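*Asks:* Mind looking over this structure? Questions follow.
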Amino acid sequence: MKMIVIADDFTGSNDTGVQLAKKGARTEVMLSASQKPSRRADVLVINTESRAMPADQAASAVYAALSPWCETSPAPLVYKKIDSTFRGNIGAEVTAAMRASQRKLAVIAAAIPAAGRTTLEGKCLVNGVPLLETEFASDPKTPIVSSRIAEIVALQSEIPVYEVFLQDVRRGGLSALLTAYAAEGEGIIVVDAVEERDLTLIAQAACEQPSMPLLVGAAGLANALPVELFMQDRQRLPVLVVAGSMSEATRRQVDNALCRGRAEVVDIDAARMVSDSAEQEIASVVEQACALLSQHRHTILRTSRRAEDRQLIDALCEKSAMSRQQLGERLSQRLGVVTLNIIEQARIGGLFLTGGDIATAVAGALGAEGYRIQSEVAPCIPCGTFVNSEIDDLPVITKAGGFGSDSTLCDALYYIEEMYCGD
């Protein structure tokens, strides 16, 4: 996640989010802070629906929605979306966002020149008319009391508010001013913008700061942001292969991929994995797999290396006091846990699952409610996505253990590589 946008209403979430999406960012709008976003999102837009709330409730909503995302490392870029006509709890929400993101400065540039919203000499103008003289002043839910933005902000914030006028923006002085304000402590900086180029200059000045300020604006400033601020590098991510089948076909496919240097393998001790003290084996497998995936290597979890492993099942059943069915179910369930743990710690580009029991167990561990089939990699080997799962719309290829030629696994890895470049 590269960027978090906190908006106070749904349509505002969307009109700002689309500025980033149209430049190629994977942008997701959440209607509630409790929702779980996609692992592949570049930009997360959270709607607090707080515009008409009492100021203290709005501040609490913003802080609660934003603070968990600012505890990660590296911290994402934070953008506080506000109404371009300054309706709502501007001061309270900006202050809460500064506290949650631990930013000393907030830069407010809510102009949208293409929509007739501009800022000149610290005042909000709508098609050239001061805000207080427009219909927005008498908004039934959130009326406006001033055209001067600093006055609106100061009504709900004790943080000092400064104004930077157009001439300073256009002569290139904004960056130095922001640095100077930061040296004085906390500050909210209201910046003039009349044309799109002014917003570009504001974005550039913000990027030049040693510590990125909280950006506060509407669709206009969002559109002016350079893409490297909110888009992750596109790269092919490794595939996690869970080879739980003991079939000869699956063994040949795994061996073929290893011989061709297409993947690395983590061998699983089935006896340890099904034991009552499997935690150590699970932790070891997860650690090894994550290390390989972090090196962008396709990684295979293998439960059977040799044909004679099949002959050991009866002995393992006797030792574990389980039937073949019980043993298979426990192994599948534990592999599901392993897969979930790996996915929580590593970035992957897709899943390849061999064996029906394994595929079912992994789907369950990931919380999938179904499987959406999209295409066929090879005869009887589909590619699709799990529905409402922990891995969103990452490709998942499933294969019955005995299906496929020796090259099927390599073909599947190539297929996923060509489909996705990851997040």
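Glycine is no exception: its Cβ is also placed from the backbone N, Cα and C atoms.
Not measured: the values here are computed from a predicted model.
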*Asks:* Among Asp9, Asp139, Asp168, which is the one Swiss-Prot gives for the substrate site where Arg51, Lys81, Ile82, Asp83, Ser84 also bind?
*Replies:* Asp9
*Asks:* Using only what Swiss-Prot says about ATP binding by Ser245, Gly355, Gly356, Asp357, Ile358, identify which of Gly187, Gly401, Gly402, Gly404 is listed for that site too.
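*Replies:* According to Swiss-Prot, the candidate sharing the ATP site with Ser245, Gly355, Gly356, Asp357, Ile358 is Gly401.
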*Asks:* For the substrate binding residues given in the record (Asp9, Arg51, Lys81, Ile82, Asp83, Ser84), what is the largest pairwise C-alpha separation in angstrom?
*Replies:* 13
*Asks:* In DSSP terms, helix, strand or coil for Gly401 (ATP binding site)?
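*Replies:* The residue in question, Gly401 (ATP binding site), is coil (DSSP, three-state).
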*Asks:* Near Ile358 (ATP binding site), how many other Cβ atoms are within 10 Å of its Cβ?
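*Replies:* So the Cβ neighbour count for Ile358 (ATP binding site) comes to 25.
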*Asks:* To test your reading of the ATP site: which residues beyond Ser245, Gly355, Gly356, Asp357, Ile358, Gly401, same chain only, put their Cβ within 8 Å of the Cβ centroid of those residues?
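*Replies:* These residues sit around the ATP site: Gly244, Ser332, Leu353, Thr354, Ala359, Ala400.
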*Asks:* Looking at the binding-site residues Asp9, Lys81, Ile82, whose Cα is closest in space to that of Asp357 (ATP binding site)?
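*Replies:* In terms of Cα distance, Asp357 (ATP binding site) lies closest to Asp9.
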*Asks:* Need the DSSP three-state call for Gly356 (ATP binding site) to compare against my parser.
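*Replies:* Going by the DSSP assignment, Gly356 (ATP binding site) falls within a helical segment, counted as helix.
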*Asks:* How many whole Å apart are the CA atoms of Lys81 (substrate binding site) and Gly401 (ATP binding site)?
*Replies:* 51
